[in-house]
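Report on one structure; see the data block that follows.
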């Protein structure tokens, strides 16, 4: 998609020496085009902003924007909210021209206000680029350089592979709670948040990151090899207890290939590519709506009967979320002649929502919700389901950088590293994420707290704010609020 939009003709029209881009799907707010990143505000100083992650205290922040900051939020995106919090704190300097000290001060104040996960890149018009990361380092971001004439080019990205592909070297992760300011003359780094529990999201290593990336000093490729080795031991024991044998190991492309190959080698079993992937269909688990996800699984993968007929097949996947993909894959294997289908997951059962920037649904949509491993196997149609243990998963990653003492494993444990996530919060989150809510095209005309509320959460309603033309637009009309609370009866 990026290649199609930014063709040579479009690139040739770009001017200047700085830019900010964003290519991830939305995990907060809606899929409305108005919420496409990067966001921009012209006051103060002209700020362009891109954000990866989710905030978890958007209700209180939205109230602050309305009652104290008096800044208008156009969308339900927490990224626009985060930008405006930064802009507000920067504006408090009251200066005609700001310096790096002012920026660090504004960021420090902002970090004290917001809670959640955020890896951000900002561009100040005519000044430079800024990168910063939440105190727990949940989402990744880093910087790299390359020679350019008599000086250097700088890149800020979420994964090191972006720098590699563009000829940049000397990749350096932005530390948790750190900010980096890059201008034409220098690079400044400063800790803007007090020390906190460094806990990168485990799911970056399990699924999200490309295998050729290095995140926080950990080779994603090596960690997935280790996941395969550890899972092999679990598979060996479970198969022995169940008195089952396996003829072939087949990965679900692409993320699980590395782990599946190591697992097959450890068990002394043939490794085969039994599923051929259609590269023109995107990741199904983030598609909005169960029917769309189910429909696209068959378009995305095709099973080769040659590798399945009359065989006991061990299918290795990185994880099982809703179970939609797994159920279709198991059925595909059986349709082409597999005798038995055993599914092995490189991750433990996912029983809790992700609130930090990964589009994982409400608990009731998760196939592991209120199910043991036998129940999960039955739900996806497999003869057996085998899951990696959490200690083995953690050790598979941590062994490559012992300095990381813990990871955010909240989707497995329900323990959220930032705190402030309780049962009431999860229930509210689930009401916003539910597929039947997510598919709506408009929000209600209720209060902004109810409608925008915790907009940090993933998978919200399609947004189409309504105006009430019969309501008088005057200073005394308290039905008009800065976050689109107009239209109330």
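Think of each number as a place in line: the chain as shown, counted from 1.
Placed from the backbone N, Cα and C atoms, the Cβ positions cover glycine too.
Per TrEMBL, domain 'Glutamine amidotransferase type-2' is recorded for 1-185.
Annotation source TrEMBL lists Mg(2+) binding site at 255, 317, 318. Annotation for residue 317 (Mg(2+) binding site): spatial neighbours 251, 252, 256, 325, 326, 329, 343, 344, 345, 346, criterion Cβ-Cβ under 8 Å with sequence separation of six or more.
Residues or ranges marked as region 'Disordered' by TrEMBL: 446-489.
Feature annotation from TrEMBL assigns compositional bias 'Polar residues' to 465-477.
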| request: Might you list, by sequence position, any residue in that chain lying six or more from residue 255 (Mg(2+) binding site) with a Cβ less than 8 Å away from its Cβ? | output: 206, 207, 211, 224, 318
| request: Inside 10 Å of the Cβ of residue 318 (Mg(2+) binding site), count up the other Cβ atoms and send me the figure. | output: 25
| said: An 8 Å radius from the center of the 255, 317, 318 Cβ atoms defines the neighbourhood of the Mg(2+) site; name the other residues of that chain inside it, in order. | reply: 206, 207, 251, 252, 256, 259, 316, 319, 345, 346
| Mean pLDDT for the domain 'Glutamine amidotransferase type-2' (1-185), as a whole number? | 91
